[in-house]
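Peer 1: If you scroll down you'll find the structure; I have some questions about it.
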Amino acid sequence: MPRKKPFSVKQKKKQLQDKRERKRGLQDGLRSSSNSRSGSRERREEQTDTSDGESVTHHIRRLNQQPSQGLGPRGYDPNRYRLHFERDSREEVERRKRAAREQVLQPVSAEMLELDIQEVYQPGSVLDFPRRPPWSYEMSKEQLMSQEERSFQEYLGKIHGAYTSEKLSYFEHNLETWRQLWRVLEMSDIVLLITDIRHPVVNFPPALYEYVTGELGLALVLVLNKVDLAPPALVVAWKHYFHQHYPQLHIVLFTSFPRDTRTPQEPGSVLKKSRRRGRGWTRALGPEQLLRACEAITVGKVDLSSWREKIARDVAGASWGNVSGEEEEEEDGPAVLVEQQTDSAMEPTGPSRERYKDGVVTIGCVGFPNVGKSSLINGLVGRKVVSVSRTPGHTRYFQTYFLTPSVKLCDCPGLIFPSLLPRQLQVLAGIYPIAQIQEPYTSVGYLACRIPVQALLHLRHPEAEDPSAEHPWCAWDVCEAWAEKRGYKTAKAARNDVYRAANSLLRLAVDGRLSLCFHPPGYSEQRGTWESHAETAELVLSQGRVGPAGDEEEEEEEELSSSCEEEGEEDRDADEEGEGDEDTPTSDTGSCLAARNPYALLGEGEC
């Protein structure tokens, strides 16, 4: 028997590291060694790939990739609909890190918060979305898929040939996800485009509007979601902006968390966190508006009386508030038929599909990641039937839900359309998974230039000996000050963990607790007009009618302990938590910017 060779501790450590990497199936490059949380592991050599195995043309990063262990028992691939973005080069990441350390933050004017859709998407340019190429029933499935792959590669080539990577925003490079959109549009009678009211221009691609209303001849309903996170005057201003530029739109205001009008909703107010109990989903604002829009579109071709009766039952149940537990609520409500679509259902059906077949209207829900598509379906159903998460890309395949026997909802995975938006704004819009960001500091700087983060969070400059003295801030200083305030330290050297602090600040922004709201063009000059508009007062009253009046709702002062922060950083599903959270304003600080301070009620020793 050969003699055993010595095996050092260093070799054993290396062996365990390699084993962990193989087990996790890390397809992406690891974080840069300069990250405070990534330790000494070097990032792997960048891999290039495309969504369907065609010739390698661009650097692709697959987000939230799971270990490759083959197909599941039902042939399900968990990585099939993962987000695929163009990878940032190492040079670009390092350049942005240097800028975060060197560039002094300068507050921007209110006019700089105004976004015009013409500047974001440039309608008529190559910033389109991929269309399904022509096909016939004589083609085999393999021929059709090969044709779609070639067409998709040509689509990517046109975009990357017209714009540089630095100018382009993140957008979806996964053909499988675009196929989901094609199928949803083909099977839908009415299309809902869900947007976030804080930045609806970001989530509204004009190319999709032209395709749905023009080529397909379908009705498009624009849902301005999360209206509780923006001042009512701004909501009304955005509604009129889209009506003016896109007259064929049907616009609906929606939120799953309507606010109590007894508390102020002005920007700059302090937030408390409240937990929705019992029939929380039945308090959604907007189902009645959506029903009226669908009635105007179908003009009597579909019997929607059962939907109206359901809304009346939900409103009555929410007003009584006689159910205290979520389990009782789910047992008490009628069953919802859920159909998970398979590959056979993804086969093309042709543009000549019969509308309102068998007296059923199919409503397709499309939009960007993290705009609240799944929450909207939960709000329409009246209870939780769809898993929701703060992490974009959570919906991995589309399912259909029968709201009533004559109304079918279809949930599509989120899609990012190509645009010219700054990538920092996309991160703040929740489009890019925060846990996967290689360089979060410039996004924090983008936020701090538009809302007074340092004042709202009572941050002290890291180099300031005198708290009353003025010091120039850079993005790195903001992150370091927040790490010092929260006690975020690295494991070995106990330095301020600026990477974790930056992620924490970005999560506060995405969750709406540091709310950055963009404005339509001309809003700054006409702000007083919109605040006194009749629809603004009507919106405030409508939120009051569905607000917390007698239902079980608990409010707790937000202290954001380290343990609570860790739960947020793990991106747990709302299903696992068993209850939803919303932020409730409690006082107005008079700030002119749409930012809320959840820490103003805390003393120095409590932070």
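Heads up, the Cβ atoms here are built off N, Cα and C, so glycines get one too.
Under the heading GTP binding site, Swiss-Prot lists 225-228, 367-374, 411-415. Taken from Swiss-Prot, the feature compositional bias 'Basic and acidic residues' applies to 15-26. Annotation source Swiss-Prot lists domain 'CP-type G' at 178-418, citing sequence analysis. According to Swiss-Prot, the feature phosphoserine maps to SER32, SER33, SER34, SER51, SER68, SER324, SER561, SER562, SER563. The phosphothreonine annotation in Swiss-Prot covers THR48, THR50.
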Peer 1: Out of these binding-site residues, PRO369, GLY414, which one has the fewest other C-beta atoms within 10 Å of its own C-beta?
Peer 2: PRO369
Peer 1: What is the pLDDT of the domain 'CP-type G' (178-418) when averaged and given as a whole number?
Peer 2: 78
Peer 1: When a 10 Å sphere is centred on the Cβ of ASP228 (GTP binding site), how many other Cβ atoms does it contain?
Peer 2: 23
Peer 1: Of ASN225, GLY372, ASP411, the binding-site residues given in the record, which has the fewest other CB atoms within 10 A of its CB?
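Peer 2: Counting other Cβ atoms within 10 Å of each of the binding-site residues ASN225, GLY372, ASP411 gives the minimum at ASP411.
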Peer 1: For ASN225 (GTP binding site), which of the three DSSP-derived states applies: helix, strand, or coil?
Peer 2: strand
Peer 1: For the compositional bias 'Basic and acidic residues' (15-26), jot down how many residues DSSP puts in helix, in strand and in coil.
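Peer 2: Helix (H, G, I), strand (E, B), coil: 10 helix, 0 strand, 2 coil.
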